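What TrEMBL says about this one:
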BINDING   B:17, B:18, B:19, B:20, B:21, B:22, B:134, B:135, B:136, B:137  GTP binding site
DOMAIN    B:5-193  domain 'Tr-type G'
Ligand SMILES: Nc1nc2c(ncn2[C@@H]2O[C@H](COP(=O)(O)OP(=O)(O)O)[C@@H](O)[C@H]2O)c(=O)[nH]1
Ligand code: SF4
Ligand SMILES: [Mg+2]
């Protein structure tokens, strides 16, 4: 059984107003202590997972590009000695495109990172300001060039469907992005998450999010544009030249096992769901007490696993093999999803069903959450 | 037995929040009924709902022993009467048991319409009324102005010192003037009359179910004596019972040897259901009893009906049981089974009024932990049906839109009307008049007193039954008060309006409306449903129809976009929780065709909102 490893680095230089990740701003951190803590957390995971080699590792955050390269190196060395690396292992690190971080790219590549995902977010200066990013557009382009020099694969993120953003403006920006010669792009529509500064701003009327219709149009047109450019969407927001998909993220969507270490990291392995302590300080003290940072570990009933697999799997363009998936959890397809609803959804052209697989149509993808709810629950959520 | 001349029976009349309960507590305390420590706040309001809403639902009495300044000890029976128009009949029975009343008026608020209605009722019972101006401790108190207002509006003396017939000035909160209240009671309220040797005649003032004692009956003895071991007959109900306990509340329950003429107390007689002890009945002895009952008895008459359905269809049995239990304690509501295509099995229940409806509904959900869907309240329509080949002409009473007969057979329809009295600061008069006008009201009187206006309207009950009171409160920022009495049936051009969701009629939303307002109501309902029903994956037409004719239409657009942009390993749990929430939500939805309608929509759709 394959296994993926997620490592969470919780620190950021400042908090972005749209961000609801487990990120914390701290003056400084004790790199040595974190190395000891994360390696200990990792050893715990290796003691409870199979010893198949790792197929992917992902450093997420927070801002893992702020990690000292030696720390990254020591963690990768530890991981390899614990599990071993499968041939062609994908090792991704999320990076912010500032000049300071770009200075570390060479050392990170040397440590074993072979893929980076850059949080560029926009190529427009004004938008970067609105999004509260620390880097300028020029700095981002420079960091991208350096990254492309050092890493085999470089992906970057853009945030679109921003307040007042027109289709023309967005597609202009997207075309420029495509011209930067990347094989993987994550394009996220801006959503206002509860508890973020943007949520407060919206409540206070500081700005109005783009309306649903425009956002829907942009979403469809973006996928269209990306297909034409040779980087079709393989997931809701992820686009890649065929073969350049993120192996690590596919593990999530195909609902295969992954171990998650570091503050707030989630894991799914051996039919259990794990969550680490979110707050960095609490995480470290848990490590000191228990040798691992687990705050909660729960055996997932088979049906729950199957439902999770459906809701993750349908995000993918390839969809799911319903019979096989149900079978994986000892269920039949009809006990897992409502056959009546499935039929209706096919009639409404939101879902496509072949002998083997069911997948969302282009118009269905826009309504994915509701479609999943219909299939698994049979009733819509109140909007 | 207490000498008749030493008995005083009185009630307290007050608008909500003017201090009736607080004053009652003070009186009890002053007469040593309870120590400070024993007084849970507001002794008289027993039920949680009563405490929260500040409304008395069941009558209560407290017997106090007061040694007055003249050195004599008096037996004071304080009767706490129900405080809402829905219970007007119960109020009248309680009042009939007294010879006087304290009229408590807030020194800052002045006289309110509800107070007036009760005062007039009290005056009708020939009561001696002692005005008490309460809350004189408030900075905003204007006792002189309020005293004048009482004289002007109520027509009883209130200015001048209380010993000379003026109002007693008091602060129930601080205890100031409470002694004066007691002295005024003794001096001004006349003692009851009665004949100890005449055949027993006791008025059944109220009854309730007590889990330990069975049904407890509150009585006022007119003539004769009530004793333990007596065989009594309920003259209206026609049943006979053996009295096994007589007593009074001080406010703790205290057993007595007897209840003599002029006295108020309680009896138990191994009765299991309050239905057998109806308010207003006359109790006499089986042997040598009275030959004529006391006047004024009336059968309880439900005027508002609605459907009660469990949100979770599996709770039907629990609902049946709970309604049955509630009914043991409240004979004034009726219920029978009903089934609805959308809502499944439930009950059609009849109530004395809207507040009564709300109280029962609230008790069901609170005391019995039931989640309910309540359908649109309806009044009783009298429908005159013409003759057909197989059937003679006849008159039927309809209290459920589902039973509405074929329009072709209807000759005429009558609907109940009320006379409403509204009392308001005059700045809110404009919107209030508009509200009444919109509800087909006919103005019969309008007077101004100072900065206040009193307006009376005749209104069809079906226009008031739903949210009239809420609207009135909101447009007057809570200042207007409202009171009504029924004034009989009048012919009306009424039609049944159906609501169709995705082309399917939703029975629980059917409504009987006047033809002239049908279109507007239909439009309002469609608009509200448009907001209340969540968007689906397909578009949903919502229509209002009379017969086959569509009179209003709205469309709920199909949902355009509902997709989480980011969902990685760390987000699975959160997504799952959302799904769980959706599952819970589904249990609270009803499916019509393919459309899921949230439970709240049924009642909210009927709220007429800002018209
Ligand atoms: N300041 C002041 N408040 C009072 C007085 N009497 C009652 N209250 C307050 O007025 C509110 C309503 O009193 P309550 O006795 O429940 O009124 P009821 O609805 O007539 O029974 C409560 O908050 C009391 O504490 C008083 O004499 N002075
Ligand atoms: S850098 Fe990334 S993780 Fe940190 S606050 Fe900004 S969006 Fe959140
Ligand atoms: Mg009260």
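Keep in mind that glycine also has a Cβ here, set from the backbone N, Cα and C atoms.
Note on the binding-site residues B:21, B:134: the fewest other CB atoms within 10 A surround the CB of B:21.
Counted over all residue pairs in B:17, B:18, B:19, B:20, B:21, B:22, B:134, B:135, B:136, B:137, the record's binders of GTP, the longest Cα to Cα distance measures 17 angstrom. Taking all protein chains in view, 13 other C-beta atoms sit within 10 angstroms of the C-beta of residue B:17 (GTP binding site). The Cβ of residue B:136 (GTP binding site) has 22 neighbouring Cβ atoms from other residues within 10 Å, across all protein chains displayed.
Close to ligand 3, meaning a Cβ under 6 Å from one of its atoms, are these of the binding-site residues B:17, B:19, B:21, B:134: B:21. Filtering B:17, B:21, B:134, B:136 by Cβ distance to ligand 1 (under 6 A) retains the following binding-site residues: B:17, B:21, B:134. Under the DSSP three-state reduction, residue B:21 (GTP binding site) is assigned to helix. In sequence order, B:104, B:106, B:134, B:135, B:172, B:173 are the residues of the chain that are 6 or more apart from residue B:19 (GTP binding site) and have a CB within less than 8 Å of its CB.
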